[in-house]
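Asks: The structure is given below, and queries will be raised subsequently.
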């Protein structure tokens, strides 16, 4: 009797069952709790200052007059407000630079737990600033909240990357971006005049920050530490094996354990790489919501409708980020990232045309709104979240903290630069100001087309090898892996740990 070929539908069904089995309860809880107390707060603090801006400025003016006997002049008030907004990015940079030191001592999970102390203290300072009559408390609170964001946006992606199986690493990593968008949307909703965006209740907008921090503080201790951190940095194989069992929801974790053990054997005597060493290393050289109201005003939207139009941007962000999380393991990181930059280039060009021609027809301003929403959707479907995933995937364990410092520094400095320079760019170039961003997005799309390899469903070693071929400079780990592979191919036995130790001692690593 002739055996029939396997039905493709059965194969797809088995793949679906396999994907579902990868999502254990502990993995889901860890991602949701981790993101709610980390990236959610980052997104929330990006948008929360928009709605109460007039009341905060009035509070600054009243405090100044009470102290000095006269109102503050407009330039000083503008400076104070600019500092209040931009100091969040400065705090983020400081937090990013702290991650490596804190993470080395505490690990991924306890770094997130300790980080909640920054969020709670910042919430208390900002919520009590009006009652205390001290506007400096609000500014210091924003700075501390920036420190929280800087730590969170490095520690959380590392944690999620290291606890997830490679088959769903992209989808799980996208949770970071999804909760950033949810945080932005929540800040916009709570800031509506019907809720907390009123003169008497705006301090509560900042007090809300303590809630996600407390939820994470009481939930995350019941979940394990990153198994890769336990094995590669703490050398605790028993705890790492138990962590794998908890996160993967199965007893047999030998395949995952062996993958990390192979990396540990060649990194046993390797210290964490510094930022300077990472930047100068030849085998990794390639791995390296402000002003929406004013834009809508430029598009001809009445001021009373602006908060609700801005609210739609938050909804679009969430939908686009969720869409990306659902398709990333099917389409891959590369198409979403390159496609996102390409679409942003297209819609920035159309937005420039609609803003230039907005007086020619009554429907043109609404086309501008569509372009802005399309730009946001394109950003959140790829460039907004995938860099967090790729930073965790591109680098080995010893390089990862330094890599997140570099990526975080670029992120926060870029945020600060855009927030600071956009009004001047808009004033100088008028409706053509978005061509600057179109050029940047086009450059990014072309660059990633020629440089970026696909990392979907690949192990860290396979990703490292892909970059090694591009760099034409194999990292030390790859030299040893290739030597082991060659031994296997010619029938020689695999070298034991003492042989690998000798490689280390002889300077191969």
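The count begins at 1 with the first shown residue.
Quick reminder: no glycine exception, Cβ is built from N, Cα and C everywhere.
For reference, TrEMBL lists these features for the protein:
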TRANSMEM  21-44  transmembrane segment
DOMAIN    31-456  domain 'Major facilitator superfamily (MFS) profile'
TRANSMEM  79-99  transmembrane segment
TRANSMEM  111-133  transmembrane segment
TRANSMEM  139-160  transmembrane segment
TRANSMEM  172-190  transmembrane segment
TRANSMEM  202-223  transmembrane segment
TRANSMEM  270-288  transmembrane segment
TRANSMEM  308-328  transmembrane segment
TRANSMEM  335-357  transmembrane segment
TRANSMEM  363-390  transmembrane segment
TRANSMEM  402-425  transmembrane segment
TRANSMEM  431-452  transmembrane segment
Asks: Taking the transmembrane segment (21-44) as reference, which of 139-160, 202-223, 308-328, 335-357, 363-390 has the most Cβ pairs under 8 angstroms?
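Replies: Comparing 139-160, 202-223, 308-328, 335-357, 363-390 against the transmembrane segment (21-44), the winner is 202-223.
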Asks: Establish whether the number of Cβ pairs under 8 Å between the transmembrane segment (111-133) and the transmembrane segment (202-223) reaches at least three, counting only pairs separated by 6 or more residues.
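Replies: By the criterion, they touch.
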Asks: Please figure out which one of 202-223, 335-357, 363-390, 402-425, 431-452 racks up the most CB pairs under 8 Å against the transmembrane segment (79-99).
Replies: 402-425
Asks: At a Cβ cut-off of 8 Å, and with pairs 6 or more apart in sequence only, do we get at least 3 pairs between the transmembrane segment (431-452) and the transmembrane segment (335-357), yes or no?
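Replies: When sequence-distant Cβ pairs are counted, the transmembrane segment (335-357) touches the transmembrane segment (431-452), since at least 3 lie under 8 Å.
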Asks: With Cβ-Cβ distances below 8 Å as the criterion, list the same-chain residues six or more beyond the ends of the transmembrane segment (202-223) that contact it, or say none.
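Replies: Hits for the transmembrane segment (202-223): 26, 29-30, 33-34, 36-38, 40-41, 44-45, 48, 51-52, 55-56, 109, 112-113, 116, 119-120, 122-124, 126-131, 138, 141, 145, 187, 190-191, 196, 246.
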Asks: When you scan the chain for residues with a C-beta under 8 Å from the transmembrane segment (335-357), skipping those not six or more beyond its ends, what do you find?
Replies: 298-299, 324, 327-328, 364-365, 367-368, 371-372, 374-375, 378-379, 381-384, 386-387, 390, 431-432, 434-435, 437-438, 441-442, 444-445, 448-449, 452
Asks: Give the mean pLDDT for the domain 'Major facilitator superfamily (MFS) profile' (31-456) on the 0 to 100 scale.
Replies: 83
